[in-house]
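Reviewing the structure listed below.
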Ligand SMILES: Cc1cc2nc3c(=O)[nH]c(=O)nc-3n(C[C@H](O)[C@H](O)[C@H](O)COP(=O)(O)OP(=O)(O)OC[C@H]3O[C@@H](n4cnc5c(N)ncnc54)[C@H](O)[C@@H]3O)c2cc1C
Ligand SMILES: NC(=O)C1=CN([C@@H]2O[C@H](COP(=O)(O)OP(=O)(O)OC[C@H]3O[C@@H](n4cnc5c(N)ncnc54)[C@H](OP(=O)(O)O)[C@@H]3O)[C@@H](O)[C@H]2O)C=CC1
Ligand SMILES: C=C(O[C@H]1[C@H](O)[C@@H](CO)O[C@H](OP(=O)(O)OP(=O)(O)OC[C@H]2O[C@@H](n3ccc(=O)[nH]c3=O)[C@H](O)[C@@H]2O)[C@@H]1NC(C)=O)C(=O)O
């Protein structure tokens, strides 16, 4: 079973050209072919070539993005998308990289990171918070707790961005993004801005129609519950984080749960542990002792080690339990031939 990939193919890689001399581009220094970064005309947007993604993922693995940019506002997002389209490049969206496995070979085309899209606006009249896609979800959870707004306590241990949470329908402790989302603003690969409701997102467990799609989440609005005692909300938030740290290998690079829990009472962690795979290692990738549905990078792991371990665990569980575990982690780039 191949793992799904999230590189959006505006054109298939076979026709992806090396970026031509694009009139929109102002080389930073000298001839573009030599330069490692370029600026999009009319913006402060710097597109860099050959940027390693390993430091941008929680697994701490992954090869280089052919091109990488971190736009600071929606107009720059639109300019980047227009450039990629003009150059015939596939586009990949990056949040905090906490649910990504990026190929050691890297990814073709343009990787757009939301890391600089950050603001949060709490509206006491409506109890809603509107927040930029690149905002850290734990940071938002703590901000809400400090205000005495309930509804995000569950999210404090999810080390991703708001945009990633909207796309993944991130959840924990019986809650998830779908339950509190009012709407989300997205930009299509043609630069068109629209606002989607939870119904339009086709939400289900750890799934939305945005996954593997070509629309970038730029902002989300959540319905929270103001008026609680801030000390109590902060205490609950801390408890959620402490519970997680005691049941999950938080201290080692991972992507969180590797597989979605299958239907039925036996979760992925239980199935993998009962298959005797805790501690099983390929290279420096290991099935975590603390939680069998985590694969951890014990130091110096390659993406290929992790990929092969995912497939090995899938095969062993299927053989033992006739259950085919479905990856929750999003794989990006090519893993063929492994
Ligand atoms: C220690 C640890 C614990 C975790 N615990 C949980 C948990 O309890 N519950 C849970 O649900 N998850 C958990 N995760 C997984 C992960 O944190 C979530 O899936 C999170 O929502 C991913 O957000 P991100 O910003 O890192 O997205 P990324 O990993 O960067 O991207 C995930 C996917 O979303 C896409 N994407 C990201 N941002 C955007 C955007 N703005 N617009 C469009 N597409 C976008 C990417 O292309 C990719 O397909 C955990 C991960 C770790 C490392
Ligand atoms: N194992 C793995 O692969 C990974 C694990 N993690 C873990 O996930 C957890 C979340 O990490 P991360 O997403 O970086 O978020 P942080 O834990 O860094 O929290 C984000 C922000 O929330 C605020 N904050 C944190 N704790 C408190 C608090 N007790 N009270 C008030 N505000 C607080 C801080 O904002 P401010 O700076 O404004 O004070 C902080 O910058 C961390 O424990 C981290 O170690 C993260 C990534 C990967
Ligand atoms: C970490 C993630 O989300 C996590 C989220 O943090 C936690 C807490 O709410 O609940 C889910 O884990 P989970 O279903 O494994 O929940 P846990 O409470 O850790 O384990 C459930 C049960 O599985 C069994 N279990 C778990 C791990 C293990 O190694 N062995 C085992 O037998 C235990 O019986 C345990 O009681 C989410 N995982 C999925 C795939 O839904 C993620 O999505 O990345």
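Glycine is treated like the rest: Cβ placed from N, Cα and C.
Source: prediction; values computed, not measured.
The active site annotation in TrEMBL covers 206 (among others). Residue 206 (active site) is surrounded by 19 other CB atoms, counting those within 10 A of its CB over all protein chains shown.
Here TrEMBL flags 257 as active site, proton donor. Secondary structure at residue 257 (active site, proton donor), as computed by DSSP, is strand.
Cβ-based neighbour count (10 Å, all protein chains) for residue 328 (active site) stands at 20. Among the features that TrEMBL reports, active site is placed at 328 (among others).
Under the heading domain 'FAD-binding PCMH-type', TrEMBL lists 60-227.
The two recorded residues residue 328 (active site) and residue 206 (active site) have their Cα atoms spaced 7 Å from each other.
Taking only the Cα positions, the spacing between residue 206 (active site) and residue 257 (active site, proton donor) is 11 angstrom.
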